[in-house]
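These features come from TrEMBL:
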COMPBIAS  7-20  compositional bias 'Low complexity'
DOMAIN    44-103  domain 'LIM zinc-binding'
DOMAIN    104-161  domain 'LIM zinc-binding'
DOMAIN    162-221  domain 'LIM zinc-binding'
DOMAIN    222-279  domain 'LIM zinc-binding'
REGION    1-21  region 'Disordered'
């Protein structure tokens, strides 16, 4: 546009350029005014075409311009009274300046015109920087990064933190490592009675921790007489297990041998007591 207005020659055999016609008209007008004794004083030299300015003038960037010559460097549209930006001594309309030079939002790729969030080595509109999982904006606790994405604290730990072997919730701070998994300290208890382990001593059955009593109960190694674990010699009778000293006659309480007892109502009796009571 600027070249068209400042050109002074016409193509051979073609119509004069509009810029040439305008310059000719202005020159004729100035000449006629001078002949009539009306002095015309130039208001400056146009920063674009370098010719004197006799009419309206635009003052910008320390220079004067014909209004039609003060145009955006990129789109060549006349700036007029609109806002403009200067870069490297050149004027740009607001739209082109932001499209060309403003930082871009990583989320929408649009230019950032006002406030900017800088995070993860990228720039964002404040309204476009949110949790990649739930879409919530980050509060005072900030965010956590994983694989180039930002997550709120809750989603980050729900998705990526190790899970407790007891409650399956995320482990955020202290933990106990046992049985090839991690546990909240309060969750590492007997899986049957939920009693904490004394001095950290526990028994494992099917990948779960148990106290001694419930470990032997699960394994079927509790004495049916005293309900305590059997760790040494064992007598199996009536589909139960006993300490040898606890396998006794239900009536006279004498110790029995595995092959020399009588069973009645799921209780063992010695030969004499069985005959007295049931024969």
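Note that Cβ sites are derived from N, Cα and C of the backbone, with glycine treated the same way.
Please treat TrEMBL annotations as automatic predictions, because they have not gone through curation.
In the predicted model, the domain 'LIM zinc-binding' (44-103) shows an average pLDDT of 88. When the domain 'LIM zinc-binding' (44-103) is classified with DSSP, helix, strand and coil residues number 11 helix, 19 strand, 30 coil.
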